[in-house]
Amino acid sequence: MTFVRNAWYVAALPEELSEKPLGRTILDTPLALYRQPDGVVAALLDICPHRFAPLSDGILVNGHLQCPYHGLEFDGGGQCVHNPHGNGARPASLNVRSFPVVERDALIWIWPGDPALADPGAIPDFGCRVDPAYRTVGGYGHVDCNYKLLVDNLMDLGHAQYVHRANAQTDAFDRLEREVIVGDGEIQALMKIPGGTPSVLMAKFLRGANTPVDAWNDIRWNKVSAMLNFIAVAPEGTPKEQSIHSRGTHILTPETEASCHYFFGSSRNFGIDDPEMDGVLRSWQAQALVKEDKVVVEAIERRRAYVEANGIRPAMLSCDEAAVRVSREIEKLEQLEAA
């Protein structure tokens, strides 16, 4: 499969990393991720150049990653710094590939492509995750589907009415107001739900209030698969800027052609010190992401080989505009790298 390699992807959450290496495959590339004694995260190819043992099974010795097989040691840049055998020679062939890493917004970003092109300024903004005006709860999930299926799912805001009916269904669905905005390296899908009864989830945000409300469900896409959702609610007629809202992290990183990593979070501007609201959002994440979206996209993945082998093309609905635009942008990025 063709992956877009010259881009920033999330490899891990900060709490996943310590001096014990984490092995994780990204874009069919095995990585060893670990935090060095100075706190800086290192990412090395998870293959020792000697006999190809996984370095993620090793340990840190004096700040260096030691291979579990023959004891070669590597610094965070991938250079072999110790060879315990023979005369201790360390030719260039003993060095291992390292990858650019940036820790930002409580996310570990990695650049799997040409290191010379790795510009930290191109990392999309997820500052709400560390903004003291917000409270963030989230986590990591593994999904057995091609990452593009989840991109389609997330950019299609209308699916919530059916897939997430237990929590997000609205009686104002027939009055939805939609807009798609295309910017420089960014696509937004905006949806307003005017004058409806609060959904089950929104009612929890409002502490059980049941008066007519306006609600919003927006999402922003940045290459290649980083999305920031905005769900909000306010009494009918209230400006969007005065709503209570949650900004949702939805970042997908391909693992293989048929699996991906899902980094998610909800950053809210209300009930910041309320552990009960933490529970509401964790329950929503477990239900919507694990029990609902995951089930749907994994079922589609199991049919993907048949669909592709038989040249079946998807029928289009009016709600597909944002997802289709994003799909085309990803195709352009793939073609650009392949050229």
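Any Cβ shown, glycine's included, is placed from N, Cα and C.
Per Swiss-Prot, the feature domain 'Rieske' maps to 8-110.
Taken from Swiss-Prot, the feature [2Fe-2S] cluster binding site applies to C48, H50, C67, H70, supported by experimental evidence. Its own atom aside, the Cβ of C67 ([2Fe-2S] cluster binding site) has 22 Cβ atoms within 10 angstroms in the protein chains shown.
Taking all protein chains in view, 21 other C-beta atoms sit within 10 angstroms of the C-beta of N153 (site 'Plays a role in the stabilization of the metal coordination'). As annotated by Swiss-Prot, site 'Plays a role in the stabilization of the metal coordination' applies to N153.
For the recorded site, H164 (Fe cation binding site), the DSSP three-state label reads coil. Packing around H164 (Fe cation binding site) is summarised by its Cβ count: 20 other Cβ atoms lie within 10 angstroms of its Cβ, all protein chains included. According to Swiss-Prot, the Fe cation binding site annotation covers H159, H164, D293.
The annotation 3,6-dichloro-2-methoxybenzoate binding site is assigned in Swiss-Prot to N229, H250, W284. Here N229 (3,6-dichloro-2-methoxybenzoate binding site) comes close to L154, N217, D218, I219, R220, S246, R247, G248, T249, H250: these same-chain residues lie at least six apart in sequence, with C-beta atoms under 8 angstroms from its C-beta.
Note: the Cα of H159 (Fe cation binding site) and the Cα of C48 ([2Fe-2S] cluster binding site) are spaced 45 Å from each other. It is 44 Å from the Cα atom of H70 ([2Fe-2S] cluster binding site) to that of D293 (Fe cation binding site).
Between the CA atoms of W284 (3,6-dichloro-2-methoxybenzoate binding site) and N153 (site 'Plays a role in the stabilization of the metal coordination') there is a gap of 17 Å, rounded to the nearest whole number. Annotation note: D293 (Fe cation binding site) sits in a helical segment as assigned by DSSP.
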